[in-house]
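Undergrad: What follows is a single structure, and I will ask about it in a moment.
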Amino acid sequence: MAVVVSSNGNGPAFEAKMTVYVFVCVMIAAVGGLIFGYDIGISGGVTAMDDFLKKFFPSVWERKQHAHENNYCKYNNQYLQLFTSSLYLAALVGSFLASAVCSKLGRKPTMQFASVFFLIGVGLAAGAVNIVMLIIGRIMLGLGVGFGNQAVPLFLSEIAPAQLRGGLNIVFQLMVTIGILIANLVNYFTATVHPNGWRMALGGAGIPAVILLFGSLIICETPTSLIERNKNEEGKETLRKIRGVEDINEEYESIVHACEIASQVKDPYRKLLKPASRPPLIIGMLLQFFQQFSGINAIMFYAPVLFQTVGFKSDGALLSAVITGSINVLSTFVGIYLVDRTGRRFLLLQSSVHMLICQLVIGIVLAKDLGTTSTLGKAQAMVVVVFVCLYVMGFAWSWGPLGWLIPSETFPLETRSAGFAVAVSCNMLFTFVIAQAFLSMLCGMRSGIFFFFSAWIIVMGLFAVFFIPETKGVAIDDVRERVWKPHWFWKRYMLAEDDHQDVEKRTE
Ligand code: BGC
């Protein structure tokens, strides 16, 4: 299938085929997203399993036996939270290391490192005989997530024919949601296996990790990464192979040109501190903050716990999580379909209102009907489940995928990898904060936690209205001219840079 590819309409047109080889590479790399999603989804189910609690967190298990004493606090335990959140802290550190490995050694070895970390982590966590082993296992998994989440989206963007880049970027988020769904299913079935169901659940991540390990041996390195590291001939050959056409000279020259400009920037992190980098940097960081403070992972990690809290039995809880997982996957397709049609802003604004209503309804039902010791009536519990599902739907077609897409398309090439690493690590930082604090917040604030998230959703909606410009259809290297310079607020940083350059010229 030959298609003429242009980098978004205004850029140069390069001829390319969507080759089977590219398809295979994309699928293998995206397995990294699958493992990330699996890790997000599995924690909530495992921490609701009695065998697991009895072995590692006996005091939590004790408290759970007297669940009627306090609905909101039965799972509150710092160590239990550390089990979930240690992964994200390690991933935060991991993404900075990974960004260096990515530029020095390439995307492919970074993915190989990720799979090795994943395998060690799975072995330690699934085979854990004490809590230290368990936590070290989680830390290794976290390093895998940091390496994988840095390398995979960059790899996908660089290997894709340009006109498919947006859609392929969201394949990463799609795989994340599939990973979460698989984890929910695994939780559901392993919960009935005693006493080692939790080992099977944690061990399940080993399968995609092995696929990633062997898969990353057969995928190619990206042409950009090869040329960036002065392997121009190899880069050219690879480009010819993945594009499936003979004449790749124009695209090759454009990559060489981009690499030359980028190589003049010795320290991309310093460049990130310059005023002109501020718009994509601030937006990239705040997107992660809002993504997490909208409360998504409170729901993702603890959906099973949450459903038990509102009075479902263990099985019903996991089944409900399977339902939210499927809705998450299906709604991501809506995002893939709409993102280049309605644009980013429409999705962000629509979903802010949508998610706000959901959080408020959940909060109000719980505040009215769930005392600390009673259980919810059937009708009220149904309302909570329905609004949790609607909430996940809104997130999945907007702030979920756009949290990864926007930072990948708003930095210029010279700061793209570093800027993206900052965004990934902010995502991990805020995911960590929510994972670590959620159960204590639930215990302390009770249903008020949903009003807390609601307040942040209002702030995030206003931020989107005033500060997130539309990037739909704008060529990736035209963002400065067409997006930041005309923007009512961000233009001040662009003017500051122009003045600065003028001054530099005058003093030369
Ligand atoms: C977020 C994750 C979240 C997932 C839910 C991702 O975009 O970064 O934190 O759990 O979406 O689908």
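Every residue, even glycine, has its Cβ placed from backbone N, Cα and C.
Annotation source TrEMBL lists domain 'Major facilitator superfamily (MFS) profile' at 25-472. Annotation comment: TrEMBL describes 20-38, 79-101, 113-133, 139-156, 168-189, 201-220, 281-305, 317-339, 346-367, 379-406, 418-442, 448-468 as transmembrane segment.
Each of the listed features needs to be described in terms of its position in the shown structure.
TA: Looking only at the domain 'Major facilitator superfamily (MFS) profile' (25-472), the predicted model's pLDDT averages out at 89.
For the transmembrane segment (20-38), same-chain residues at least 6 beyond its ends with a Cβ under 8 Å from one of its own Cβ atoms are 111, 114, 118, 144-145, 148-149, 151-152, 155-156, 159-161, 168, 171-183, 204-205, 208-209, 211-212, 215-216, 218-220, 241-242, 244.
Remote same-chain residues near the transmembrane segment (113-133) are listed as 32, 35, 56, 79, 94, 98, 101, 139-145, 147-148, 151, 199-200, 202-203, 205-206, 208-210, 212-213, 216 (criterion: CB distance under 8 Å, separation of at least six residues from the stretch ends).
Sequence-distant neighbours of the transmembrane segment (139-156) (same chain, 6+ residues past either end, Cβ-Cβ under 8 Å): 25-26, 29-30, 32-33, 35-36, 39, 86-99, 101-102, 107-108, 110-111, 113-118, 120-122, 124-125, 168-169, 171-172, 205, 209, 212, 222, 404, 408, 416-417, 420-421, 424-425, 427-428.
Here the transmembrane segment (201-220) has long-range neighbours at 21, 24-25, 28-29, 31-32, 34-35, 38-39, 42, 45-46, 49, 108, 111-112, 114-116, 118-119, 121-123, 125-126, 137, 141, 144, 148, 159, 179, 182-183, 186-187, 190, 238, 241-242, meaning same-chain residues at least 6 beyond its ends whose C-beta is under 8 angstroms from one of its own.
Panel annotation: around the transmembrane segment (281-305), residues 40-41, 43-45, 47-48, 75, 84, 180, 184, 187, 272, 317-318, 320-321, 324, 355, 359, 388, 391-392, 395, 399-400, 402-403, 406-407, 410-411, 419-420, 422-423, 426-427, 429-431, 433-435, 438-439, 442, 449-450, 453, 456-457, 459-460, 463, 467-468 of the same chain, lying at least six beyond its termini, place a Cβ under 8 Å from a Cβ of the stretch.
Counting residues 6+ beyond its ends, the transmembrane segment (346-367) has Cβ neighbours under 8 Å at 294-295, 310, 335, 338-339, 376, 380, 383-384, 387-388, 390-391, 393-395, 397-399, 402, 446-451, 453-454, 457-458, 460-461, 464-465, 468 in the same chain.
Remote same-chain partners of the transmembrane segment (379-406), defined as residues 6 or more beyond its termini with a Cβ less than 8 Å from a stretch Cβ, comprise 153, 166, 169-170, 172-173, 176-177, 283-284, 287-288, 290-291, 294-296, 299, 303, 306-307, 310-312, 320, 323-324, 327-329, 331-332, 334-336, 338-339, 344, 347-348, 350-351, 354-355, 358-359, 361-362, 365-366, 369-370, 427, 460, 468, 471.
Tertiary proximity for the transmembrane segment (448-468) is limited to same-chain residues at least six positions away from its ends with a CB under 8 Å from its CB atoms, namely 282-283, 286-287, 290, 293-295, 298, 344-345, 348-349, 352-353, 355-356, 359-360, 362-363, 366-367, 399, 406, 438, 441-442, 489-490.
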Undergrad: Which range wins on Cβ pairs under 8 Å with the transmembrane segment (418-442): 79-101, 168-189, 317-339?
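TA: The stretch with the most contacts is 79-101.
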Undergrad: Which sequence-distant residues neighbour the transmembrane segment (79-101)? Criterion: at least 6 residues beyond either end, Cβ under 8 Å.
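TA: Non-local partners: 39, 43-44, 47, 56-57, 60, 109-110, 113-114, 117, 131, 134-135, 138-147, 149-151, 301, 417-418, 420-421, 424-425, 428-429, 431-432, 435-440.
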Undergrad: Give the nonlocal contacts of the transmembrane segment (317-339) in its own chain as ranges (CB under 8 Å, at least six residues past its ends).
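TA: Beyond its ends, the transmembrane segment (317-339) has Cβ neighbours at 41, 44-45, 48, 166-167, 170, 173-174, 177-178, 180-181, 183-185, 187-188, 191, 299, 303-308, 346-347, 385, 388-389, 392-398, 400-402, 405, 472.
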